[in-house]
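Engineer: So TrEMBL has the following annotated:
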type	residues	note
DOMAIN	B:2-217	domain 'Radical SAM core'
BINDING	B:16, B:20, B:23	[4Fe-4S] cluster binding site
C-alpha cells in the first residue's frame with residue numbers, strides 16, 4: 001500500500017486546541033504538547049479517520065498555495081512517530 | 001525572557017495510602033494543615049494557563065486523597081488544559097472516575113509496584129494490587145487512555161517481563177518502565193534499591209524484545225538507571241525550561257526534587273504571582289540556559305543534549321548544585337558514583353515512606 005493511501009486519525013486521548021498565550025494551534029497528548037504551524041494545524045484537523053493522505057493533500061491544495069503530496073506524507077509520518085495520529089490502510 | 005512552560009506538576013497533597021520506599025517525594029513531607037486550599041489551587045491553575053501551561057499533571061502523594069479533586073479537575077480542564085491524573089488507583093471507584101472523566105480528566109497514569117500481588121503489596125505497604133487491576137478496568141470501561149507506570153529497582157527488576165504482561169492485561173496504551181532515580185525517599189533507600197548490572201542488562205533485553213512484539217499496540221518508555229550510564233539524563237530538558245512543580249504547600253519548584261538544594265530561594269504562590277516566579281525568581285534563573293556551567297560542561301558539545309544533567313543529583317553527590325552531574329563519565333566526581341555502585345547490596349528492606357512523628 002502506498003503512503004498516500006493511508007488514513008490517519010488522532011489517537012485516543014489526543015486533543016486539538018488553540019493556545020491564546022502562544023497564539024498558535026497545538027495538539028495535547030499524554031506525552032506532551034506539539035506546537036503546530038498553520039499548515040500542520042490544517043493537516044491535523046483533517047486527520048479524522050476518513051480522509052486518506054491523498055485526500056488531505058487535495059483538500060489543502062484548495063486552501064493553500066504550493067501544497068505537495070510528499071510534504072503531507074512526511075508530516076503525517078512525523079505525527080505518527082510522535083504518537084499524535086495512528087495510521088490505517 | 002525564558003520561554004513559557006508547557007507543563008505544571010501539581011502535587012496536590014503528600015498524603016498517600018501507599019508507602020513505597022522509592023517515592024521521589026521529599027523526605028520531609030508536607031502535612032495536610034499546610035496544603036493549599038481549593039480556591040488557591042484554582043488560582044494557581046489560572047495563573048499557570050495565563051503563563052502558557054497546557055498540561056496539568058494532578059499528582060501527589062495520592063490526588064484522590066483531596067476531597068476537592070473533582071472541582072480542581074473541572075477548573076483546570078475548563079481553562080483548556082490537558083488534565084492528567086497520576087494515581088495509585090486506591091480509592092478510585094466507578095462513580096468517582098466517571099465524575100472525574102465528565103469534569104475533564106483526559107488521561108490516567110496508574111502506578112504498579114510489581115508483577116505479582118505478594119511482592120507488589122510488600123513494596124506498596126498496602127493491599128494494593130487488586131485495587132489497581134480494578135482501577136485499570138474502570139479506566140478502560142470509560143475509554144480513557146491509560147499509562148501504566150512501574151518504578152524498577154533491585155527487588156522487582158527480574159520480573160520486568162511480568163510487569164509488561166500485567167500492563168497488557170490492564171489494557172495500557174503506554175507503559176513507563178522507570179528505573180529508580182535517587183531523590184527523596186529513594187535516595188535514603190538507595191542501598192536497598194540499586195540494581196545489579198546483570199539485572200539491568202537482562203531487563204534491557206526483555207524490554208527491547210517486548211517493544212518489538214508490542215509495536216503499534218502498547219508503547220514502552222524505558223527510563224534508564226542513570227548511575228550505570230556514561231552520560232547524564234537531560235533532566236527536565238533544562239532547568240526552568242518546560243515545566244514547573246507546585247508543591248502541596250504552594251512552593252514553586254523547577255523540579256519536584258529541587259527543594260533539596262540549599263539557599264535556592266524557593267518562592268511560594270501565596271507570596272508572588274506564578275509568572276513572576278517563573279521569569280524573575282532567583283530559583284528559576286539559577287541554572288537556566290548555559291551561562292552557569294563550569295567545565296567540563298561549559299565547553300562540551302553534549303551540553304545541548306543533556307544540559308549538564310541533574311542539578312539536584314550534582315548537589316546530592318558532590319555538595320555543589322553547579323557541578324556537572326557526577327554520573328557523567330567526564331565529571332571529576334564520577335568516582336563517587338562508582339564507589340556507590342561498588343558497595344555491597346543492602347539486604348534490609350527499604351524504609352517506608354511516611355510522615356515523621
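Residue 1 is the first one shown; counting continues down the chain.
Just so it is clear, glycine is given a Cβ too, placed from its N, Cα and C backbone atoms.
Nobody curates TrEMBL annotations by hand; they come from automatic prediction.
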Engineer: List the other residues in this chain whose Cβ sits within 8 Å of the Cβ centroid of the [4Fe-4S] cluster site residues B:16, B:20, B:23, in sequence order.
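Structural biologist: Everything else in range on the chain: B:18, B:19, B:21, B:22, B:25, B:61, B:88, B:124, B:185, B:353.
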Engineer: What is the number of other Cβ atoms found within 10 Å of the Cβ of residue B:16 ([4Fe-4S] cluster binding site)?
Structural biologist: 25
Engineer: Please report the number of other Cβ atoms within 10 Å of the Cβ of residue B:20 ([4Fe-4S] cluster binding site).
Structural biologist: 24
Engineer: When you measure from the Cβ of residue B:23 ([4Fe-4S] cluster binding site), how many other Cβ atoms are you left with inside 10 Å?
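Structural biologist: Looking across every protein chain shown, the total is 25.
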